[in-house]
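Please read the structure below before turning to the comments.
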Amino acid sequence: MYALIRKALFSLDAEQAHDLTIKTLKTLGRSPFNPLLKTLFACPTGSPKTIMGLHFKNPIGLAAGADKNGEAIEGFAAMGFGFIEVGTVTPLAQEGNPKPRQFRLPEAEGIINRNGFNNYGIDYLIENVKHANYDGILGINIGKNTFTSVENGKADYLICLNKAYHYADYITINISSPNSPGLRQLQYGEALEDLLQGVKARQKDLAEQYQKYVPIAVKIAPDLTEGEVVQIADTLQRHKMDAVIATNTTISRDTVSGLQNAEQQGGLSGKPLQQKSTEIIARLHQELKGQIPIIGSGGIDSVANAQEKIKAGAELLQLYSGLIYHGPHLIKQLVQQIK
């Protein structure tokens, strides 16, 4: 059945197909059709895990980028995900980069996007979260506005942290998108030190204010040298971050050279990212030694490569591109077999 749906969606521009999917899941998720949707997907509960002090019904999650504004939470939940991460969201609404900005590479089962954090702003997302009928684990992925300088970026993260804290089960600091100018600079040296110091201090204040501790994860890029991975791991440990998500999209085209759309600027996700992200997970695991949980993301499209990421050191997994190419049945397979 999904083969027919995919054929129809792939006849549309990639972003048009995404928008149509979100609208459909929003409508079905918030209507009397929701129980029917759950029956249609028929996903088992899976194997529960406790990570970051949170109880996940299974280790398979929806990656950020699928539901930027939290509009289709119930629809995605019906697929059987153990957790859902919405965003990336910024303090103020922004249009992102000019269209077209999403490109499929069907031969490689890859996607290139240069969206640039297009979203309706943190306030809009929070309203959607407040009204969502969802009792699973919800992550909110936050970033900075494009017009905010890298030097002033910390202020944007703190604004979003303040507003998301009460409504999120965990929060992700996105400093690794390749589509916001200069953003990846925040992964290194003093910039990362300053950002995490500010975030942890605000987390402490908010925990006292709301009388609950909300874990904070950091999402990193796959395009890191050995030395950079070591440095990031050390910084995450010193600041006692609650988790790390590895990885975001890649700017490398080594695995898709010569394919149509491979020359497009932006971050590459899907199968071409599979090996690179797993290598980063394995290297991170060596450095972190289990002190900080790793959430694996990047090119998951089968039970076999999902297990590779678990073996490399990931404790939870996230996917999005694999869902586009393989449909909701992939979620069912992963939930059934990944422990």
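Any Cβ shown, glycine's included, is placed from N, Cα and C.
Under DSSP, S177 (active site, nucleophile) is assigned to coil, being neither helix nor strand in the three-state scheme. For S177, the entry in Swiss-Prot reads active site, nucleophile.
Residues within less than 8 Å, Cβ to Cβ, of A66 (FMN binding site) and separated from it by at least 6 positions along the same chain comprise F76, Y320, L323. DSSP classifies A66 (FMN binding site) as coil under the three-state reduction. The FMN binding site annotation in Swiss-Prot covers A64, G65, A66, D67, K68, T88, N141, N174, K219, T247, G270, G299, Y320, S321.
Residues or ranges marked as substrate binding site by Swiss-Prot: K68, N113, R114, N115, G116, F117, N174, N179, N248, T249. Secondary structure from DSSP puts N248 (substrate binding site) in coil.
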**Q.** Proximal residue to G116 (substrate binding site) among recorded positions A64, K68, N141, S177 (C-alpha distance)
**A.** S177
Q. How far apart, in Å, are the two Cα atoms that lie farthest from each other among A64, G65, A66, D67, K68, T88, N141, N174, K219, T247, G270, G299, Y320, S321, the residues recorded as binding FMN?
A. 19
Q: For N141 (FMN binding site), identify the closest of the recorded positions R114, N174, S177, N248, judging by Cα separation.
A: N174
Q: Quick one: pull the CA-CA distance for K219 (FMN binding site) versus S177 (active site, nucleophile), whole Å only.
A: 9
Q: Give me the Cα-Cα distance between R114 (substrate binding site) and K68 (FMN binding site), rounded to a whole Å.
A: 14
Q: Between the Cα atoms of N174 (substrate binding site) and A64 (FMN binding site), find the distance and write it as a whole number of Å.
A: 10
